[in-house]
Amino acid sequence: MRLVVVGADGRMGKMLIRAVAEAEGCTLSAAIEREGSDAIGHDAGTLAGLHPLGVPVTDDPLTAFAASDGVLDFTVPAATVMFSELAAQARIVHVVGTTGLSEDDLAKLRAAAYHARIVRSGNMSLGVNLLAALVKRVAAALGPEFDIEIAEMHHRMKVDAPSGTALLLGEAAAAGRGVDLADVRVSTRDGHTGARKPGDIGFATLRGGSVVGDHSVIFAGAGERITLSHHAEDRSLFAAGAVKAALWAHPKPPGLYSMTDVLGL
Ligand SMILES: NC(=O)C1=CN([C@@H]2O[C@H](COP(=O)(O)OP(=O)(O)OC[C@H]3O[C@@H](n4cnc5c(N)ncnc54)[C@H](OP(=O)(O)O)[C@@H]3O)[C@@H](O)[C@H]2O)C=CC1
Ligand SMILES: O=C(O)C1=N[C@H](C(=O)O)C[C@H](O)C1
């Protein structure tokens with residue numbers, strides 16, 4: 001499968017270049033960065049700390065997508081929406097790891113999925129997606145007398161909050177309770193907030209240092225607490241998940257898929 005990495009010079013972009021170069025059945029067909037990036041013209045392999053791969057970084061996604069079967073995209077929301085439109089035109093696979101997408105962005109991805117095979121997830125790791133399945137079951141089993149709080153910590157450079165993973169886990173908890181996350185989500189608390197509203201799902205965001213990604217879902221009842229946690233130790237696990245998603249989606253019809261579909265959870 002011929003795969004393009006967009007955002008090639010990013011933290012995840014470099015991981016994705018390595019993952020594609022090392023994966024069986026995949027070749028790196030192109031590497032894309034934004035116009036004006038210092039990475040343009042550099043060899044993608046060298047950029048990622050590998051041997052040269054003979055693939056120079058360019059700012060021309062249109063040409064790259066036309067000669068590829070799929071795109072791995074961990075960039076920023078505006079770029080991801082633009083890439084989904086190009087992936088739809090080229091009828092290829094678009095794996096979206098980008099987080100912080102708005103409702104409007106998601107609607108555009110749904111439209112692109114009429115022609116592209118899009119796999120989107122706030123977290124591409126097996127562990128987190130398994131955790132989400134467990135959270136859904138625990139939320140359904142415990143009932144509303146247990147308060148649900150989700151805590152996450154990431155490195156100091158992360159730009160969106162709550163994390164995509166925290167929201168994915170919140171969606172799982174809400175689904176377990178049979179409610180919409182939008183109706184019960186509390187993402188900020190400051191000052192005299194009053195007592196916690198029954199049924200709320202709260203989010204707490206920590207940022208600092210080089211933390212790859214820590215998430216905990218806390219079920220707090222009267223006199224007891226259950227905490228389900230995941231700690232990501234290396235970004236390569238997200239990159240490996242993205243390559244797996246691309247290979248999975250290659251023979252599928254157009255549509256919007258998740259890692260739950262890919263992993264069969
Ligand atoms: N779903 C998952 O499993 C995971 C998701 N993520 C998400 O992936 C995203 C990226 O994270 P991370 O790698 O840490 O961030 P980085 O900022 O390190 O990387 C993003 C890259 O995208 C580039 N970029 C921005 N706009 C464009 C454009 N129009 N065309 C091409 N490239 C562009 C940036 O370039 P420049 O800096 O020059 O603007 C940068 O190199 C975040 O949303 C993060 O939350 C991260 C890890 C796992
Ligand atoms: O920005 C990151 O780094 C990460 N982003 C994803 C998220 O928002 O949950 C996944 C992972 O936790 C790392």
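Quick reminder: no glycine exception, Cβ is built from N, Cα and C everywhere.
As the structure is a computational prediction, the values presented were derived from the model and not from experiment.
Binding of NAD(+) is annotated in TrEMBL for Gly7, Ala8, Asp9, Gly10, Arg11, Met12, Gly97, Thr98, Thr99, Ser121, Gly122, Asn123, Met124; the matching candidate from Glu33, Glu35, Glu145 at the same site is Glu33. DSSP assigns Arg11 (NAD(+) binding site) to a helical segment in the three-state reduction. Checking the recorded positions Gly7, Asp9, Asn123, His154, His155 against ligand 1, the ones with a C-beta less than 6 Å from an atom of that molecule are Gly7, Asp9, Asn123. Proximity to ligand 2 (Cβ under 6 Å from any of its atoms) holds for none of the binding-site residues Gly7, Arg11, Glu33, Arg34, Thr98, Ser121. Look at the Cβ of each of the recorded positions Arg11, Arg34, His154, His155, Lys158 and count the other Cβ atoms within 10 Å; the largest number goes with His154. Within 10 Å of its Cβ, the residue among the binding-site residues Asp9, Glu33 with the fewest other Cβ atoms is Asp9.
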